Amino acid sequence: MFKKLFGKGKEVQKDIAIYAPLTGEFVKIEDIPDPVFAQKMMGEGFGINPTEGEVVSPIAGRVDNVFPTKHAIGLKADNGLELLVHIGLDTVQLDGEGFEVLVSSGDEVNVGDPLVRFNLEYINNNAKSVISPIIITNTDQAASINIYDENAVIKGETKVIDVTMN
């Protein structure tokens, strides 16, 4: 009753679509050249081999965490889904060089909102790989995950995963 009185009783959708945060080539999680991601130690997901240097929000929600080294962003949807967008592999070692973060922790975002710009050539030359993992970090709280095996994906437009949360 109190939730209704104070406007916090809105129905939260359990289903959510995750869109491509980068434009490029879809990579199955098992094919990401890093065992932490490929063996799903951090959760279920996919990768993208980007063809341009801009990351957009793959979901509507809020920015939960901007890593100090600018190479990764954590997002959280209203239904509890937690998503990590990790730009490249071993990019933490670049210490923020080549990245420009466009959001702050706590910011509300919609699908397609720009999050980070990065120098694709710099990362390609200075990191292990530009393949960028997108991981559902609370996979254990999902009732179902359906990943569409796409080839080419377009940031903010191509639906890559449907998730139903518990």
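Cβ coordinates come from backbone N, Cα and C, glycine included.
Annotated in Swiss-Prot:
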type     : residues     : note
ACT_SITE : His86        : active site, tele-phosphohistidine intermediate
BINDING  : His71, His86 : Zn(2+) binding site
DOMAIN   : 34-138       : domain 'PTS EIIA type-1'
MOD_RES  : His86        : phosphohistidine
SITE     : His71        : site 'Important for phospho-donor activity'
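Taking all protein chains in view, 25 other C-beta atoms sit within 10 angstroms of the C-beta of His86 (active site, tele-phosphohistidine intermediate). Within the model, the domain 'PTS EIIA type-1' (34-138) carries an average pLDDT of 98. The Cβ of His71 (Zn(2+) binding site) lies under 8 Å from the Cβ of His86, Ile87, Gly88, Thr91, Val92, Leu94, Gly96, Phe99, each of these being in the same chain and 6 or more residues away along the sequence.
According to DSSP, the domain 'PTS EIIA type-1' (34-138) comprises 15 helix, 43 strand, 47 coil.
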